[in-house]
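As annotated by TrEMBL, transmembrane segment applies to 14-38, 50-70, 91-113, 133-153, 165-184, 239-261, 282-301, 333-351, 358-379, 391-414, 421-441.
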Amino acid sequence: MESDTQRLNLKREIGIIGAVSFIAGTMIGSGIFISPQYVLSAIGSPGASFVIWTCCGLIAMLGGLCYAELGTVIPESGAEYIYMLRTAGKVVAFMFVFSFIIVMRPASATGIALSVAEYVVAPFYNGCTPPQLVVKLVAAGAIIVLAIVNCLSVRLATAIQVVSMAIKLLALAVIILGGVVMLFEGRTENFENSFEETNVNVSSIGIAFYQCLWSYDGWNTLNFLTEELKHPEVNLPRAVVIAISLVTGLYLLVNVSYLTVMTPKELMSSSAVAVTWGNKVLGSWGWIMSVAAALSAFGSLNGTFFSGGRVCFVAAREGHMPDILAMAHVHRLTPSPALIFTTVVSLLVLIPGDFQSIVNFFSFTAWFFYAITLSGLLYLKIKKPELPRPYTVPIILPILVLMAAIFLVLAPIIDNPQIEYLYVTLFILSGAIVYIPFIHYKLCPGLLTKLTVFLQLFLEVAPAEKNL
Ligand code: ARG
């Protein structure tokens with residue numbers, strides 16, 4: 001095959017509805033059905049927990065707007081990776097992609113897959129804890145099914161995103177309506193003295209933010225696929241504003257409903273809030289909430305896959321990953337090698353992984369890199385004011401979000417240092433050590449070339465080009 005004449009492009013197929021669905025669909029996933037009790041137990045009081053949910057929505061919105069500027073100034077796919085490459089340079093970008101591909105993306109996929117599995121098996125083990133093996137097998141099944149779908153077609157993946165989005169909106173609407181009805185019946189006793197027993201120490205606040213921000217994570221999803229978006233300069237900021245305000249509003253109302261129906265104590269001791277809520281309000285129809293929560297997380301997993309594969313793909317294109325990962329299928333135009341790689345690593349993480357610790361380490365690593373990316377935006381605003389900016393935010397926004405990010409990374413370490421955070425930091429830094437022999441000096445290229453040719457024929461893929 002003549003590789004010069006046969007360069008492939010990923011197509012610009014995603015319009016505003018797809019764009020909003022990608023953001024909202026990735027954000028709404030496992031979190032809103034699991035985190036509320038962790039936020040509440042960390043922070044202690046319902047009133048303070050509402051404050052946290054509101055602040056996190058605000059942080060996500062401001063972060064999203066800053067990223068919208070980045071996405072239009074640097075119109076390439078790949079989000080943090082490409083922004084760091086263009087601002088902080090190759091070594092930092094490589095450190096990111098290294099941590100992202102080996103830890104963050106598979107960890108978030110695995111976390112979500114585990115909660116899909118928890119909700120899928122919950123109705124079969126009424127009230128008791130299901131065996132870990134069953135949960136992990138179901139989680140692995142979900143990962144594999146979505147990997148296959150994402151390799152087969154962009155359209156199908158987008159369709160899943162849209163359908164699952166409808167289901168999760170419906171589920172949240174049911175929860176909100178149920179809550180409103182009860183509120184009107186006068187069930188307001190859980191909101192009296194709502195700030196009593198608030199824990200005001202740095203580490204409780206930090207952990208509450210980590211758990212809550214997990215539910216909001218995914219606000220940057222669209223930046224991973226800017227090149228596949230129609231008119232990104234208009235659709236990117238618009239989709240950010242629509243999706244994030246929608247999600248924030250829904251999350252706040254859902255929390256009101258949870259607390260209307262359950263006392264703070266009941267909420268804190270429930271392992272799957274949506275199921276407890278369902279059993280209390282819908283009685284024997286409670287299992288419906290379990291199905292809806294599972295499907296919601298399934299859609300979120302799909303979004304994670306869709307955007308996660310794109311990062312390998314962009315990094316490989318820049319020479320930071322083996323070439324094979326930058327190729328797309330010759331007919332289907334999906335970046336299947338990158339997707340397969342992410343799947344394999346996710347399955348490996350699944351073996352030892354547990355949901356709680358995954359969320360904390362994920363948030364720590366994610367906010368570490370969000371901070372570097374936002375500094376990059378500040379750098380561009382100050383040093384390169386002449387760059388064309390189809391969309392721009394006031395400089396105070398990146399400063400505020402950067403301060404929040406620094407607090408989030410430092411709070412859990414300073415107040416309650418745990419050795420694991422040191423390991424995570426060392427892992428991130430070790431990316432720089434890998435960089436020198438393998439990327440800078442390109443050690444062992446011969447072996448890679450042979451492997452690339454073999455895989456290229458086997459997977460029917462060819463190099464893809466930028467789509468600017
Ligand atoms: N917010 C999602 C949830 O509640 C998790 C998102 C994980 N991160 C991501 N970039 N996909 O399940």
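Yeah, the Cβs are placed from backbone N, Cα and C, and that goes for glycine too.
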Establish whether the number of Cβ pairs under 8 Å between the transmembrane segment (165-184) and the transmembrane segment (239-261) reaches at least three, counting only pairs separated by 6 or more residues.
-> yes
Near the transmembrane segment (282-301), which same-chain residues lie under 8 Å Cβ to Cβ, leaving out any that are not at least 6 residues past its ends?
-> 25-30, 33, 109, 112-113, 115-116, 119-120, 122-123, 142-143, 146, 160-161, 163-165, 167-168, 170-171, 174-175, 178, 218, 272, 274-275
Taking the transmembrane segment (333-351) as reference, which of 50-70, 91-113, 391-414 has the most Cβ pairs under 8 angstroms?
-> 91-113
Intrachain neighbours beyond the transmembrane segment (91-113), with Cβ under 8 angstroms and 6 or more residues off its ends | 29-30, 80-82, 84-85, 139-140, 142-143, 217, 297, 300-301, 304-305, 308, 311-312, 315, 318, 320-321, 341-342, 345-346, 348-350, 353, 355, 358-359, 361-362, 365-366, 369, 372, 424, 427-432, 434-435, 439
Do we see three or more Cβ pairs under 8 Å linking the transmembrane segment (391-414) and the transmembrane segment (50-70), pairs being at least 6 apart in sequence?
-> yes
